[in-house]
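Asker: Got these off Swiss-Prot a minute ago, pasting:
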{"type": "DOMAIN", "residues": "2-168", "note": "domain 'EngA-type G 1'"}
{"type": "BINDING", "residues": "8-15, 55-59, 118-121", "note": "GTP 1 binding site"}
{"type": "DOMAIN", "residues": "181-357", "note": "domain 'EngA-type G 2'"}
{"type": "BINDING", "residues": "187-194, 234-238, 300-303", "note": "GTP 2 binding site"}
{"type": "DOMAIN", "residues": "358-439", "note": "domain 'KH-like'"}
């Protein structure tokens, strides 16, 4: 796929331009310099044409620290490999020595370049005061745009497409598929894991290519379902440790199951509906929760349950009571043998993965915190100042408090509930908490 790179000195609006062209708020936009450190990329689709767009950090003429130097090196290396560069300058203030230095590097790199004058909301002023000096950079006619106000972006896109097609690049191909969602199917022996695994793979809409596995190892299958890529892992049944002989194949298979959970994004926990929820089911669910993996709970063999039409509430209550520590998981009733509700399992996996990879703004967290603390009594002497999300997979939140010692399990339950009820439900995903002392 053709790659188009956005480059320029800091704070000329590169990330705003990137977000508008990909039609997502993917790159962080702030007024301060150096907000973008790592390259951010996404696919641009425009009238059936597609290309990869990459937003880079601002290139400093003379980096003042090691990080800035490394950022500059990464950007300059990417320029050499790009099919096309969008060289963004400030359409209000004109060019500086930093612009001239970067222009010199671009010319020496012999890379195709489009000169983009951003922040050109006042076109007459731009034409009169800024445009004439831009020709000195050596890239011909500049394209004036205002990313913030969506001015002239169509003209820019037309020019990009034209330049790429002149190079003979294929723009008709579909966007590259992102990394696969890794799904492990786990449970006790004989609960129907392999049957569910096969039911998912046998969907008519699924294109399956096998990844070779080894006997007693987890069996992997790479699957495309509705354009999404998954790797499903069918694992061996997990028995209680006391029932597994040491130094046996089963013992090592259990290690492999745990390893599969570690490598998964989403774990489907399969239960035998004819047997309810056993202690071993609870242990397996606890293992998944402690490893911080997203989860979906499946009551399989639902076709064998007597009077099943009237027993959904009964089994849902059982789930909430015995697997209360993962009660955020979607609950699905299936018969893998008959193909019942396999679609719902796939939908639940997608939901859990979306939650697992969601990041919420700090403003939403602290607004909810302020609102709830107004009518909540914390332990005497405890103060929670503010919080922010610091990671995904799983969603992890850092709260600044005056005393970490006063944070006990009830306070952790309170904060998780606050996040799910007032910020984002994170259905299917655990929430991890961290605390830092602050005054």
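Including glycine, each Cβ sits where the backbone N, Cα and C put it.
Quick one: how deep are these features, and who are their neighbours?
Answerer: Under DSSP, residue 56 (GTP 1 binding site) is assigned to coil, being neither helix nor strand in the three-state scheme.
If you draw a 10 Å sphere around the CB of residue 187 (GTP 2 binding site), it holds 26 other CB atoms from the protein chains shown.
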Asker: Spatially, which candidate from the binding-site residues 8, 56, 120 is nearest to residue 187 (GTP 2 binding site), comparing Cα atoms?
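Answerer: Going through 8, 56, 120 one by one, the Cα closest to that of residue 187 (GTP 2 binding site) is 56.
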Asker: Using DSSP with the three-state reduction, classify residue 8 (GTP 1 binding site) as helix, strand or coil.
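Answerer: Residue 8 (GTP 1 binding site) sits in coil per DSSP, no helix or strand.
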Asker: Run through the Cβ atoms and count how many others sit within 10 Å of the one on residue 190 (GTP 2 binding site).
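Answerer: Neighbour count, Cβ to Cβ under the 10 Å cut-off: 12.
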Asker: Among 11, 56, all listed as binding-site residues, which has the most CB atoms within 10 Å of its CB?
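Answerer: Per the Cβ count, the most surrounded site is 56.
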